[in-house]
Amino acid sequence: MASENSPLLAYRLLGEEGVSFPANGAGGPGGAPARKLSTFLGVVVPTVLSMFSIVVFLRIGFVVGHAGLLQALAMLLVAYVILALTVLSVCAIATNGAVRGGGAYFMISRTLGPEVGGSIGLMFYLANVCGCAVSLLGLVEAGLRVLPQGYGWSLLYGSLLLGLVGGVCTLGAGLYARASFLTFLLVSGSLASVLVSFVAVGPRDIPLAPRPGPNGSSLPPQVGHFTGFNSSTLKANLDAGYAKDYTTGAMMTFASVFAVLFNGCTGIMAGANMSGELKDPSRAIPLGTIVAVAYTFFIYILLFFLSSFTCDRVLLQEDYGFFRAISLWPPLVLVGIYATSLSASMSSLIGASRILHALAQDDLFGVILAPAKVVSRGGNPWGAVLPPQAALTLTPSLSVLVQLVLLAGKLNTLAAVVTVFYLVAYAAVDLSCLSLEWASAPNFRPTFNLFSWHTCLLGVASCLLMMFLISPGAAGGSLLLMGLLSALLTARGGPSSWGYVSQALLFHQVRKYLLRLDVRKDHVKFWRPQLLLLVGNPRGALPLLRLANQLKKGGLYVLGHVTLGDLDSLPSDPVQPQYGAWLSLVDRAQVKAFVDLTLSPSVRQGAQHLLRISGLGGMKPNTLVLGFYDDAAPQDHFLTDPAFSEPVDGTQEAGAPALSTLFPPPRAPGSPRALSPQDYVATVADALKMNKNVVLARACGALPPERLSRGSGGTSQLHHVDVWPLNLLRPRGGPGYVDVCGLFLLQMATILGMVPAWHSARLRIFLCLGPREAPGAAEGRLRALLSQLRIRAEVREVVWGEGAASEEPEEEEEGDFVNGRRGDAEAEALACSANALVRAQQGRGRGGPGGPEEGDGEVGPATALTFLYLPRPPADSARYLRYLALLEILSRDLGPTLLIHGVTPVTCTDL
C-alpha cells in the first residue's frame with residue numbers, strides 16, 4: 001500500500017535519487033525498446049500508408065463504379081465519421097497518462113480490465129494479421145500480372161512477399177520507420193502523377209481484358225472510356241449501379257462495397273500500435289493521427305470526384321486498376337501499388353507483433369504466448385514476428401497466421417471479416433473512453449478536450465451498427481469469440497493492479513443511488529435485516545458467519561471487529577493492515593459481507609463505534625449479532641472447513657501467506673478474555689438503547705453442515721426449526737400473547753426458511769398454555785395471524801411444567817423479573833423449567849399437545865435450530881451477571897440456538 005513515503009519511481013515521475021528519467025519507461029533495462037520515433041515518422045507516415053493501403057490505387061474505381069459518386073461520398077463520410085469518433089477517444093485516452101507498448105490493447109486493457117482488454121487485444125491482433133494478408137493479396141492481384149497466374153502462383157507470391165515484410169519487421173522499428181518514409185515518398189510521387197494525369201491526359205478508349213462466360217467461354221471484349229472532364233460522365237456516375245464483382249463473381253451491395261472501402265481506411269491505429277517506440281506517445285498519437293486522417297480524407301474526396309468526372313461506368317467496374325491506363329507514366333502507378341501494399345502489410349505486421357508482445361508481457365494467456373516475450377538486445381520483439389523455430393513452440397506466430405489467411409483467396413472475400421474485427425476494437429476504444437467519462441474519476445483529465453460522452457456513445461453505437469450492416473455473421477461470430485475469450489480470462493484470473501473502470505462506475509452509481517435511498521421513506525413492508533456481526537476471532541466463528549449470511553435476506557451484512565488499543569500511544573494505525581486478511585476471509589467463506597474494523601480501548605466502546613458509524617445513508621445495520629458468552633472452548637474451524645484448507649508449507653499458490661497465519665489461534669480454555677461478562681451484557685443493553693435488534697447465537701458450530709452450504713438442502717436430512725415467540729422467563733399465562741419481539745422472531749425464522757439450504761426444514765411454533773388457558777384458543781388466533789402474514793408453520797401448544805407460576809403473576813415491567821419479587825432461586829428454577837420444556841419438544845414428531853408428560857408420540861426429525869425470545873437486560877447493571885447466568889441456563893444443551901430481541905415492527909398484512 002502506497003503512502004506519502006513511497007518512492008515516486010512507482011508513479012513514473014522520478015528516479016530513486018530524484019533524477020528524472022525518460023517518460024513512459026523509455027530505454028528501461030532488460031531489453032526495453034528505445035523510444036526514438038518522432039510524430040511524423042512514428043505516427044503520420046504509418047497511419048497515412050495504412051489508411052491508403054491498396055484501396056487508393058485498386059478500389060477507387062470499384063467503389064465509385066458500383067456505388068456511384070453520391071453513395072461513395074456518403075460511404076466515405078460515414079466511414080470517416082466513425083473513424084473520427086474513435087480518433088477522439090484515442091486522443092483522450094492517450095493524453096491521460098503514460099502509454100506503453102501495445103497501442104489500442106494497452107488503452108483498452110488498462111481501462112476495461114484484463115478480461116475485456118485481453119479478448120479484444122487478441123481480436124485486434126487477428127485483425128492486423130488479416131489486414132496484412134489483405135494488403136499482400138492486393139499486391140498479388142494487381143501488381144504481378146506479368147508473372148504466371150493461378151491460385152498456387154498467387155499463394156507462392158504472397159508467401160515470398162510475406163517473407164520480405166517479415167524480415168523488415170524483424171530487424172526493428174528503426175528500419176521499419178526508414179522503409180516507411182521511403183515508401184511514403186514513393187506513394188506521394190505516384191499519387192501526384194495520378195492527379196496530374198487526370199488533367200493532362202486527353203480522352204481515350206481503354207480496351208478491357210475479356211471476362212470468362214458460361215460453360216468456359218469468353219465474353220466479347222469491352223472498351224472503357226476515359227472522357228476527360230465531362231459533365232455527362234459525371235451525371236452518369238452520380239447514381240449507384242451495383243453489378244457483379246469480376247474478381248469474385250459476387251453481386252455487390254452497399255454493405256459489401258462499404259466493407260471494402262472501410263477496410264482501406266482502418267489504419268488509424270497504426271501510429272498507436274507503435275506507442276512503445278514513440279518519443280512522446282501522449283503528444284504524438286493524437287497529433288499524428290488527426291493529421292493523417294485529415295490528409296487521407298482530402299485525397300479520397302479528390303480521387304472520387306476526379307474519377308466520376310472523367311471515367312465511364314464500364315471502365316470503373318471492369319478495370320479496378322485503371323490508374324495505370326490513364327497515367328502519364330504507368331510504371332510509376334505500379335510502383336505506388338507495390339509501395340502501398342508493402343507499407344500497409346508492414347504496418348499491420350509490426351502492429352500485430354507489438355500487440356502480441358504486449359499480451360505476452362502481461363501474461364494473460366500463460367505459456368501459450370511465452371515465446372512472444374523474446375526480444376533482441378535492442379528491444380525488438382522478434383519472437384512475436386518470426387515463426388516457431390522448435391516443434392514445442394506454441395506461439396501463434398504472425399508469419400504462420402498470415403500464411404493461413406493467404407490461403408483464403410481473394411481480396412474482397414476477406415474484407416468483411418477484417419472490417420468487423422477492426423470495428424470491434426474501435427468500439428472497445430470508444431467504450432473505454434465512455435466508461436472513463438461516465439465514471440467521473442478525478443484522475444481522468446486528458447489534455448485533449450475535443451470529446452464528450454456523446455461522441456464516445458455515438459462511436460460505440462455506429463461501430464456496432466456498421467458491424468452488423470457489413471456482415472451479420474462475422475459480427476455475431478466476433479462478439480461470440482470476444483465473449484468466450486473474456487470468460488476464459490475471467491476463469492483464469494488476471495492482474496488486479498491495473499485499475500478497473502468498472503469499480504469507478506460502480507462507485508459512481510452506488511453513490512448516486514445511496515443518495516436517493518431516503519430513510520424517511522422506509523416502510524415496514526420492505527423491511528429487511530441489516531446485520532452487524534461482531535467477531536473476535538473468525539477461526540472460531542465460521543458457522544456463525546455463514547448463518548448470518550443466510551439471515552440477511554439481501555440486506556446489508558457487516559463483519560465488525562474491535563482491536564484493543566489507543567492510537568495516541570501507537571506509531572501507526574494497526575487496523576489498516578488487517579483489512580486485507582478480513583477481505584480474504586470474506587472471499588474464502590463465500591459470504592456477501594462488508595468489513596468494518598475499529599480501534600478502541602475496550603470492546604464495548606468499539607461496538608458502540610461500529611453500531612453508530614457502520615454503513616452509509618439508508619444502508620446501516622439495524623440488528624446486532626453476537627456470539628453467546630459462555631465457558632465453552634472455541635473450536636478452530638479453519639482446520640476442518642474445506643474452504644480453508646491450506647498447503648502444507650502454509651502458503652497459497654500465488655506465494656501469499658496462508659489465511660490461517662493471518663489470524664491468531666483460538667483462545668485457550670481458561671485464558672483471559674478481551675470482553676468481560678459485565679461489558680458483554682452492557683453491549684446488548686447499548687444496542688437496545690440505540691433501537692437496534694439483538695441476536696445472540698449459541699452453539700452454531702453444531703449446525704448441520706448441509707444447512708450452511710450454498711446449495712439446496714432438499715435432499716438432506718429433515719430438520720425442525722423451532723420458534724418460541726414468548727418470553728419463557730416471564731410466563732404471562734395469558735391468551736397466547738405475541739408482542740413485537742415475538743413477531744420479529746417469526747420473521748427471522750421465516751427468512752431463514754427462504755434460503756435454499758433450509759427449504760426442507762419444517763418450521764414449528766410453540767405456544768405456552770397457562771393453567772387457566774383452554775387448549776386450542778390461542779392456537780386458533782395464532783394460525784389466523786400466520787395466515788395473514790403468509791407464514792407456513794406447524795403450531796404446537798405446550799403447558800408449563802415445573803417452575804411455572806401456579807397463578808397469573810402480577811404485571812411487571814418487561815425485563816424486571818430479576819429486580820422483582822421473585823428471588824434468584826425462583827428465577828433460576830423458572831429458567832431450568834423453561835429449558836426442560838424446550839428440550840422435551842426437540843426431536844419429537846407428532847406427539848400429544850402437552851409437555852413432557854404427554855409427549856409419548858413418534859420420534860421425528862431433530863431440531864436444527866431453535867429461536868428463543870431474549871428478555872431485555874435488567875435496568876440495574878449490578879444484576880447483569882445474574883441475567884447472563886439465567887440466559888445460560890435457559891439455552892443450555894439446546895444445540896444451535898438464537899436468542900433474539902426485536903425492537904422494530906417488521907411484519908405487515910397489507911399489500
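Heads up, the Cβ atoms here are built off N, Cα and C, so glycines get one too.
Where the annotation comes from TrEMBL, it is an automatic prediction and has not been curated.
Here is what TrEMBL records for this protein:
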type	residues	note
TRANSMEM	40-62	transmembrane segment
DOMAIN	42-532	domain 'Amino acid permease/ SLC12A'
TRANSMEM	68-95	transmembrane segment
TRANSMEM	116-139	transmembrane segment
TRANSMEM	151-174	transmembrane segment
TRANSMEM	181-201	transmembrane segment
TRANSMEM	250-272	transmembrane segment
TRANSMEM	284-306	transmembrane segment
TRANSMEM	326-344	transmembrane segment
TRANSMEM	414-436	transmembrane segment
TRANSMEM	448-468	transmembrane segment
DOMAIN	544-631	domain 'SLC12A transporter C-terminal'
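Sequence-distant contacts of the transmembrane segment (326-344) (same chain, at least 6 residues past either end, Cβ-Cβ under 8 Å): 46, 49-50, 52-54, 56-58, 131-132, 135-136, 138-139, 142-143, 161, 164-165, 179-180, 183-184, 186-187, 189-191, 193-194, 196-198, 200-201, 204, 206, 226, 267, 310-311. Summed and averaged per residue, pLDDT over the domain 'Amino acid permease/ SLC12A' (42-532) gives 80. Touching of the transmembrane segment (68-95) and the transmembrane segment (284-306) is concluded from the presence of at least three CB pairs under 8 A, sequence neighbours closer than 6 excluded.
Per DSSP, the domain 'SLC12A transporter C-terminal' (544-631) is made up of 36 helix, 22 strand, 30 coil.
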